[in-house]
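Engineer: Below is the structure I would like to discuss, written out as structure tokens.
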Amino acid sequence: MSLLLEPNAAMIKEQKLYREMGLTDEEFARIEAILGRLPNYTETGIFSVMWSEHCSYKNSKPVLKKFPTDGPHVLQGPGEGAGIVDIGDGLAVAFKIESHNHPSAIEPYQGAATGVGGIIRDVFSMGARPIALLNSLRFGELTSPRVKYLFEHVVAGIAGYGNCIGIPTVGGEVQFDPAYEGNPLVNAMCVGIIRHEDIQRGVATGVGNTVMYVGAKTGRDGIHGATFASEELSEQSEAKRPAVQVGDPFMEKLLLEACLEAVKSDALVGIQDMGAAGLTSSSAEMASKGGFGIEMNLDLVPQRETGMTPYEMMLSESQERMLLVVEQGREEEIAAIFAKYGLEAKAIGKVTDDKMLRLFFHGEVVAEIPVDALAKDAPVYHKPSAEPDYYREFQAMPTYIPQIEDYNRTLLGLLAQPTIASKEWVYDQYDYMVRTNTVVAPGSDAAVVRIRGTNKALALTTDCNSRYLYLDPEMGGKIAVAEAARNVVCSGAKPLAITDCLNFGNPEKPDIFWQLEKAVDGMSEACRTLGTPVVSGNVSLYNETNGEAVYPTPVVGMVGLVDDLSHVTTQPFKQAGDLIYVIGEAKPEFGGSELQKWLEGRIFGKAPELDLAVEASRQRQLLTAIRAGVVASAHDVAEGGLAVALAECVIGASGLGANVTVSGDLVSELFSETQSRFVVSVKKEHQEAFEQLVEAKLIGEVTNDSILTVNGEHGGTVIRLSVDEMRNVWKGAIPCLLKSKD
């Protein structure tokens, strides 16, 4: 749209055109009061993206304040591109997770690819070198042709971007449920390493300092992407395909290397990714955080399309772009660094002292807005919250106990469920060994990546059981954090901190806002008990299709520190004769379980309980035993219960089996998803030392016959399956579903 065709300020108000941009009548009146006049079209667009939920967190900010964000190792908490945690030796780990849900629902390949690109930029904008990528994905049932299409193209998009830029995708999780049929979730996490002295901030300070634009040229892709991400999906969403950006990983690789060189220069004052809301958010946020203003001449913005208006340039979300603030008079030093990589660093403005965002175009002022009004003073809403009827119904239900006649068939059936089945089809498309630092590849409890130049490693995981959260958001929130910590501990690492991605429905509905509040309450309590502060994160609301919300899905990305590479532990059993222990007892807890969903076709009842004090104690005991060198393998008991955990321990082993005897109620012992449980194998010579350190029950030993045998305590074998049969079912489930013709 040319400037001549843009509606004038009076038309915007009279025709309520601001509503199409996502602003309410009250918000527009507030803008008028802030400016002391009616906003023009460009200013209305700028306010609309900065006041969207995606950029401002206006509906979630009161809830986010509940998270613990401080800790002895935290160097940077929420509010910057990524959180940063000290790991010793003058090094730190920078990490963050973000969503790209709405774009991936419309254009799955580019939506997923640009989600990866954006989170990488968040990490290297802090001055950190990205060393690993993870993801957390949710889709509907794989029997749906539409879901197959989304799944295949999202995975291809993640692989295409990560593989090209040369950062290993080392881990993640994928779950399938009808709740995500129309609204898939695509959350991408990036982890980087940084020296303390290289940490950068996204600030604009120093009057007269130069604002520089680097990276790809600006086009019309992604305009109003932030607003699009703050709406429910509907039949009309397909028309918003232009709001999905297009990524170029090769450009990003050049930008990454140039930025990491530039951060070594003291000429650089501040740096920020042009992510959601592009040039608008990067300039306004940097100025607001620094306590200054920014003035830009939009005629100088590099453009790849002709006739772009100020509105289009400011709202474009073209990828692979960064905004820099550079000391006045030292622009050439920075420009020379970028020129080495074939990139132009273009001066487009300067820092001012009046706390205003002022934009010039063709010699005229086209926008003049207080930066704080766009950033830290954006509206905040305290939404009404109400416990939903379904929750009260579920809480009142009697305990669900499944009836099982054939234990072999039940275990094979669970191994074939896509949420439990092998994700090899997914991670085989990822280059998870590039840079040669990957110690534990995808498929174990957590990925482990070596920290080059040290004897340490990082354990990385993403976790969230959305079904538990639907049944009981507070308990489910606790479990999400606890399970992430469990996975990290099973890998031989001490949990350090988390990043979170809060994926929920429409917060304007009281029952959805209640889910958000309760989930954050549970997560916060778990973070405090387990000593894992929240250092970064993202909120993705309005994940609904035609009024149907996804399950509450607050994904936890956790980083743990392995302080000695010899402590790295994996889930497969290691050798015949080793003793098998289970830590933790089973209760009849099947609400939200894989077994319930498979047998009944739906979930209901109460989620499993979690005692955080017990959880913390068991994790401490297990980590102490691992560090003492008396644990051969460790695996947490999660979806599918103990039977699935044992199957996974033998499937991953080479030529080994297991013979175990379980006591008590067999259905609960084998298939309940009771929390705070682990399967551990121990060499016989370490039996006494292990039993002194850990409260655990000896249930059997590893065999060399490639058969999983499970006996009841009163005699009688209830499960006897060859490892090959289990492996074939487990590995073949997802490829078979993708090949099937509906």
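Glycine is no exception: its Cβ is also placed from the backbone N, Cα and C atoms.
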Engineer: What does Swiss-Prot list, out of Lys13, Lys16, Lys96, as binding the same ATP as Tyr57, Asp500, Gly537?
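Structural biologist: So, going by the record in Swiss-Prot, that would be Lys96.
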Engineer: Among Arg121, Arg129, Arg358, which residue shares the substrate site with Ser99, His100, Asn101, His102, Gln245, Glu317, Ser318, Gln319, Ser540 according to Swiss-Prot?
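Structural biologist: Record check against Swiss-Prot: substrate site with Ser99, His100, Asn101, His102, Gln245, Glu317, Ser318, Gln319, Ser540, extra candidate from Arg121, Arg129, Arg358 is Arg121.
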Engineer: Can you name every residue in this chain, apart from Tyr57, Lys96, Asp500, Gly537, with its Cβ inside 8 Å of the center of the Cβ atoms of the recorded ATP site?
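Structural biologist: Once Tyr57, Lys96, Asp500, Gly537 are set aside, the remaining close residues are Leu64, Pro78, Ile97, Glu98, Thr499, Cys501, Leu502, Val534, Ser536, Asn538, Val539.
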Engineer: Name, in the order they occur in the sequence, the residues of the same chain whose CB lies under 8 A from the CB of Tyr57 (ATP binding site) and which sit 6 or more residues away.
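Structural biologist: Same-chain residues close to Tyr57 (ATP binding site) (Cβ under 8 Å, separated by 6 or more) are Leu64, Val539.
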Engineer: Taking only C-alpha atoms and a 10 A limit, tell me which of His54, Asp273, Glu317, Gln319 are near Lys96 (ATP binding site). These are the recorded positions.
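Structural biologist: Final answer: none.
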Engineer: Taking the recorded positions one at a time (His54, Lys96, His100, Arg121), which has its Cβ surrounded by the most other Cβ atoms within 10 Å?
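Structural biologist: Most Cβ neighbours within 10 Å: His100.
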Engineer: Are there residues of the same chain, six or more positions away from Asn538 (Mg(2+) 1 binding site), whose CB falls under 8 angstroms from its CB, and which are they?
Structural biologist: Lys96, Ile97, Glu98, Ser99, Asn187, Asp500, Cys501, Leu502
Engineer: Among the binding-site residues listed here (Glu98, Asp122, Glu317, Asp500), identify the one with the smallest other-Cβ count within 10 Å.
Structural biologist: Glu98
Engineer: Have a look around Asn101 (substrate binding site) and count the other CB atoms within 10 A of its CB, chains all included.
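Structural biologist: Taking all protein chains shown, Asn101 (substrate binding site) has 25 Cβ neighbours within 10 Å.
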Engineer: Please tell me which one of the recorded positions listed here (His54, Arg121, Glu317, Gly537) sits closest to His100 (active site, proton acceptor), measuring Cα to Cα?
Structural biologist: His54
